[in-house]
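Novice: Below is one structure. I have some questions about it.
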Amino acid sequence: MIIGLAGKSCSGKNQIAEMLEFRGFLCIDLDLEVHRLQESMKEILLTNFGDSILDSHGQIDRRALGQIVFKSPPLLKKLEDLLYPKLDESLNRIICDARPGAHIILNAAALQKGEFWKRCDLVIWVSAPWGLRFLRALKRDQRSLLHICRRFRAQKELKSQFFLSRVDTYIIRNGFTRSVLQKRVDSLIKHLPPER
Ligand SMILES: CC(C)(COP(=O)(O)OP(=O)(O)OC[C@H]1O[C@@H](n2cnc3c(N)ncnc32)[C@H](O)[C@@H]1O)[C@@H](O)C(=O)NCCC(=O)NCCS
Ligand SMILES: Nc1ncnc2c1ncn2[C@@H]1O[C@H](COP(=O)(O)OP(=O)(O)OP(=O)(O)O)[C@@H](O)[C@H]1O
């Protein structure tokens, strides 16, 4: 069974993925897969986004790339169009290599973009109030207010309703403590069919 883990930035997807991993589930972090891909796509990224996306060691500087794309929806779309076909190929490999019958959790803020959601038998949508997400982002990422606002704006169209009308969707609200979240995750696990 393939289970999407979606929700806006700092809603708590990584936190939930960690809890699910601790309970033995295989969790794939699409952000991390993208980071791996970006190194192998350096030339094409340089051609499209310029030399300012390189750091002093000649590696892709994701902070710099993020600064460019999160302030320009067409540039973010361009980056997604370059990355998603390769990401799709990586996902095929990961799914193929997984133990047959295992549940695979796809942790992906952008699950509804690039049609990754179409692979999912179930989507877990994580929600948390905007202000709380904003405070969590400031604390976690140490980025400017403006950058976080821009990243949040790039996720305006990401909504639970998208999934609710297309695929089985389970909503987890993460506006309280980690121990409350843990109970909600354990209750979700009880709803899942056993792995084969
Ligand atoms: C813009 C990039 C270089 C910024 O990298 P950086 O290391 O600073 O941030 P990181 O990758 O950890 O992402 C932080 C958060 O930004 C948000 N985010 C990332 N990409 C997107 C996107 N395409 N649309 C909306 N939100 C996004 C997510 O909430 C994500 O968790 C990077 O996020 C990227 O290449 N994004 C485009 C590819 C993509 O869609 N990745 C997400 C796959 S789920
Ligand atoms: N219930 C909670 N109580 C306290 N802190 C939390 C809680 N949930 C998440 N956090 C913290 O908030 C921050 C954001 O959470 P997390 O990284 O899980 O979000 P995310 O949805 O995966 O974000 P992104 O899409 O930006 O990667 C992290 O530092 C995390 O430890």
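Using the three backbone atoms N, Cα and C, a Cβ is placed for every residue, glycine included.
Per TrEMBL, the features are:
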- Cys10, Ser11, Gly12, Lys13, Asn14, Gln15: ATP binding site (BINDING)
Novice: Starting from the Cβ of Lys13 (ATP binding site), draw a 10 Å sphere and report how many other Cβ atoms land inside it.
Specialist: 28
Novice: Compute the mean position of the Cβ atoms of Cys10, Ser11, Gly12, Lys13, Asn14, Gln15, which form the recorded ATP site, and then list in sequence order the other residues of that chain whose Cβ is within 8 Å of it.
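Specialist: Going along the sequence, the neighbours appear as Gly7, Ile16, Val126, Ala128, Arg136, Asn174.
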Novice: If you count the other Cβ atoms within 10 Å of each Cβ, which of the binding-site residues Ser11, Asn14, Gln15 comes out on top?
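Specialist: That would be Ser11, with the highest Cβ count within 10 Å.
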